[in-house]
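Peer 1: Here TrEMBL flags B:151-190 as coiled coil. Annotated domain 'ABC transmembrane type-2' per TrEMBL: B:187-412, in sequence order. The transmembrane segment annotation in TrEMBL covers B:21-39, B:222-244, B:265-292, B:298-322, B:334-358, B:387-407.
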Amino acid sequence: MATDYVIAKQVSKHFGHQQVLNQIDLTLPAGMIYGLIGPSGAGKTTLIKSILGMEAVDSGTVKVMDTVMPNRAVMAQVGYMAQSDALYETLTARENLTLFGQLMSVPKIKLAQMIDYAAGLVDLTSQLDKRVSGYSGGMKRRLSLAIALIQDPQLLILDEPTVGIDPELRQQIWTELNKLKDTGKSMLVTTHVMDEAERCDYLMLIRHGIALAEGTPAALKQQYAVDTIEQVFLKAGRMQDANDGNR
Amino acid sequence: MRTMAIVRRVFKQMLRDKRTLALMFLAPLLIMTLMYFLFQNNTTQVASLGVHHVDQSVVNVIDTKNVTIHHYDSSQARKMIKQHDLDGYLTQKNGQLMITYSNSNPTNTSLIKASLQSGLVKLKMKTLVTVTKKQRAALESQQAALKKLTAAQTQATVTKLKTAIAQAQARGDQATAEKLQKQLKQATATTSSSTQSAKATSYTTKSHYIYGSSDSTFFESFLPAFLGFFVFFFVFLISGVSLLNERTTGTLSRLLATPIRRSEIIMGYLIGYGGFAIIQTVLTVVFTITVFKIHLVGSIWLVFLTNLLLALVALTLGIFISTFANSEFQMIQFIPLIVVPQIFFAGLVPVDGMASWLQAIAHIMPLYYGANAMTAVVTKGAGLGDIGVNLLILVGFMVVLTMLNIVGMKRYRKV
Ligand SMILES: Nc1ncnc2c1ncn2[C@@H]1O[C@H](COP(=O)(O)OP(=O)(O)OP(=O)(O)O)[C@@H](O)[C@H]1O
Ligand SMILES: [Mg+2]
């Protein structure tokens, strides 16, 4: 059953006079890690929130799991990690995980097991009963990732998941993401780390709300005739600025 | 299920925040205790009054425990008040009393005023009594003379009748004799009734209080209003700030990225913080009743119910208002705007006497209905039937605000 988990068509969005998303098309099939790259303020977070139905779009449609967004029921099948950690600081990590597990309708008998799994994945098992207020920045980030994984969702939408996480743990997380992909799950990931971008199956480069380029990392490198994604990033940006200057 | 997850979270967070818990539960008790002592001893205040050339009889009646008298030799009231730091100065010209108030302390002014007034009334009564006494003596001597006269008259009638009866009987006229006998009886009866003369009646006053007792104080009569206000204030503040926190830390939009309903979040808040509001209400009410020995005329359950409804309105209002604030500081700014004015319409100033536009404002204040109902229950023993309308209006406030809150969350998620 190879369906598309996310189908976004012609999504546009503006804040005030600023066009933040300009007719973006995005299709995320099952079993794929989809990377969103682009400079700061490009509109990556806005696109993700639009897909989740948390941001009202001006035009265009978004379907997740064949359901037009926004839709409450679909939320249970999406694991979301926001760019900024949104955690209850006075609660312990376990209590945070329990709360979101309950909200995601994880069955009671499975919940403890899922907490162990998610915490183990981000290496927080020994710190589970510590209050979040005593966590470091990276620990909070890891806990946010664990929360996104708590209901074992088919689709993961991760907004800069590895910021503030050390290289070793980052390797571990990417290995796990690949494992999840192999079980048919899909991930939509934003990142500013180019070696992470290289690990994605498919990339979209957004700049000024426009989808400048998309394709597999190899195809992009070929298209721009460069060796690294970083160079794709820079070259595409320069070309866009030059075009804008011509206009 | 999801609602209960929110409720559990609210409980856990509150129980860990000891400062906030203390604020919610102990602060009302502290303030009430303070108020209790502040408003208790208002009778020990003493005003000083300077007098010059005033009849001793007048001075005697003014000299009460609330006013001390100082005698001076000057008739310049203004100067003497300033010189001796007096609250008032009383002089007399012939029969005319002249009083000058310093009025730097209105309470002392009213103490002197009251003393003077009651003193003069006492004086008037005294003269009235002496006059009446004289009048009574005159009246009594008149009455004695009158009595003698009637007695003599009756005697004459009786003898006259008796002879008439004897004559009639001698004539053998039985009918006339019987008629005359009846007249004789009536004549003797009138003499005995007229002896019940007017006895001197001395009136004494015995006061009965329908509500409260003779030691009802300002504190007691306004206590219900304050009770409602404190619950309102603290619940408003705590629920408002906690939802604001949830909004600014991003946990609210994170919550809305789960399948939870917007109404489930609001209900979770209502139940969670409502639970603490119940505890706060019970604690405050029981404390005031047992420690201050407040005379509670009505049912304590109605007090709880009214207070709880008020708390729920405060809860929903706090959540609603927090959507217009972007920081805790901005939330605090709403207190003088939204919460403090409510106390003015809670019964401290009678609403009936207000200008009509102020009365209109009163009717959009939840505390107006809540405090009215509380006062009615505590001091007059009003039943559910009497305050039912007020309670329904409070429920109305709550329902409307809850709806607004649920709709307001559409900002974060459309469904
Ligand atoms: N609520 C908002 N109101 C007004 N403008 C906004 C709002 N949210 C985002 N923007 C604007 O939209 C643009 C895109 O923001 P967005 O957060 O999507 O960027 P991003 O690509 O995620 O950047 P970064 O990599 O730094 O996270 C920015 O220029 C930002 O100023
Ligand atoms: Mg972003």
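A Cβ is built for glycine as well, from the same backbone N, Cα and C atoms used for every other residue.
Can you tell me where each of these features sits in the structure?
Peer 2: Tertiary neighbourhood of the transmembrane segment (B:21-39): same-chain residues 14-15, 217-219, 223, 226-227, 230-231, 234-235, 238, 276, 279-280, 283-284, 287-288, 291-292, selected by CB-CB distance under 8 Å and a gap of 6+ residues from either end.
For the transmembrane segment (B:222-244), same-chain residues at least 6 beyond its ends with a Cβ under 8 Å from one of its own Cβ atoms are 10, 13, 20, 23-24, 27-28, 31-32, 35, 252, 269, 273, 276-277, 280-281, 284-285, 288, 292, 294, 303, 306-307, 310-311, 313-315, 317-319, 321-322, 325, 327-328, 331, 334-335, 338-339, 342-343, 346-348, 366-367, 370-371, 374-375, 377-379.
Only residues 6 or more beyond the boundaries of the transmembrane segment (B:387-407), in the same chain, are considered here, and those with a CB under 8 A from a CB of the stretch are 262-263, 266, 270, 302, 305-306, 309-310, 312-313, 316-317, 319-320, 323, 366, 369-370, 372-373, 376-377.
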